[in-house]
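Features reported for this protein in TrEMBL:
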DOMAIN    55-165  domain 'Epoxide hydrolase N-terminal'
ACT_SITE  ASP231  active site, nucleophile
ACT_SITE  TYR376  active site, proton donor
ACT_SITE  HIS432  active site, proton acceptor
Amino acid sequence: MVNMAGSCRKCLILVGLFILSVFVFYKCTKTAPAAPNIEATWWGSGEPQKEDETIRPFKIAITPGVLLDLQRRLNNTLPFQEPLEGVNQNYGMNTKLLQKIIDYWKTKYDWSKRQQFLNQFPQFRTRIQGLNIHFIHVKPKEVPDGVEIVPILLLHGWPGSVREFYEIIPILTTPEKGRDFVFEVIVPSLPGYGFSDGAVRPGMNPAQMAQIFNALMTRLGFNRYYAQGGDWGSGISQNLAVLYPDRIIGVHRNWCSANELFHWKSYVGSIFPSLFFTEKEIDKVTPITRTVQFILLESGYFHLQASKPDTIGVALRDSPAGLAAYILEKFTTWTNRDWKDLPDGGLTKKFTYDQLLDNVMIYWITKSITTSVRLYAEAISQAYTNHQFNNIPVEVPAGCNRFSNELIYSAETLLKEVNKNLIHLTDYEGGHFAAFEVPEVLGKDIIEFVRKVRNLSQIPNKEL
Ligand SMILES: *[C@@H]1O[C@H](CO)[C@@H](O)[C@H](O)[C@H]1NC(C)=O
């Protein structure tokens, strides 16, 4: 017996060593995937055709009928199911809170004022590959001599919209004493979101969106530009940096996810944290099982949208109350996970109902919820995942923010595996919708990042 146990221990050690050497061999010989070539695809109906490429001014102007219909639907919403006692937002959007928001929407939310607000910046649409692409384009005013204008593309995600950037636009486009650059901002609606058309056939994934936005920047006359984003905007920015390294001067993201849930370092690091994580990171990244549990609790929407986007789309397109519940729930939990335990979901700590309903209205009046959630299906399709964007190194200067309430916190070691030139990594208080929630913080950080990139190498004006 004793002997058998002894030899068994030996063979376990041998098996362990064998697995380890296979793993090391695999890690050493595996080469990173190369950036794919994304062809310009026709996304409109019918055959590709020559189209009007002019850039047309655009204003939001809905017909009175749309507002009347909205009022009627809000009036006719069936009484909500009473929430369970004391659950706050733990069963999803609490209907007592939802009722308060719907009442505000019906009686206080003044669309004529909000429409004016939403139209405060110059907006345009232009046709790209069969789709009308909508964007805000703000040039800085009163730029002093010697101050360089640098273009930056700001990309939103789901369930956001261009509305997230309204507070940050003035911060970026206003010259500041002592700073030798100022931004010209381009803020597009993603295809299928808000005032941009959705594709009529499958395949509009983040890389295809990147291809379209690069074409947009070309049309606007920008050779080189910065890209910034959170949520899908972060993924699309990363794709831009990978696909067009000669065009992207730097990529700044307020969520650089780094494959945490599937990375071996997350798991080995849970047992031996000091191998991979800094002192300050350990609390936030270990144990990985805590993150996995949180993501499972919060990612049902993802699976639903990735697998049955059109089914959920029917309900959300038909009911403004349902749409508001579905979207605004994310603005509680993703801004602060602890707000699930608050009766008011914490919403007004960081946002006003006007701000939040502006964003809901953009989905409602454009009837874009179904086309928006299809992005999840495209992003998990093989056509996209085969490219393995997560593993393609980003060579352009990269900046990442880690907001304290972001869905997943990323350790520096993981971020550096793909971001080969991570020149800027900062930690802040705040959540998932950083541009919307803390525009001053994010604005300052973008400026700081760009300052660092410019210090790396002064980019002559003519190249921009
Ligand atoms: C909705 O209800 C309000 C208050 O009862 C009423 O004033 C308004 O006319 C109704 N609107 C529509 C379109 O039914």
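Every residue, even glycine, has its Cβ placed from backbone N, Cα and C.
Predicted, not measured: the structure shown is a model, and the values here were computed from it.
On the structure: features taken from TrEMBL.
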{"residue": "ASP231", "record": "active site, nucleophile", "CB count, 10 Å": "24"}
{"residue": "TYR376", "record": "active site, proton donor", "CB count, 10 Å": "19"}
{"residue": "HIS432", "record": "active site, proton acceptor", "CB count, 10 Å": "22"}
Tally of DSSP helical, extended and coil residues in the domain 'Epoxide hydrolase N-terminal' (55-165): 38 helix, 28 strand, 45 coil
Inter-residue Cα distance where the pair is HIS432 (active site, proton acceptor) and the residue listed as 'active site, nucleophile', in Å: 8
Between HIS432 (active site, proton acceptor) and TYR376 (active site, proton donor), the C-alpha gap once rounded to whole angstrom: 18
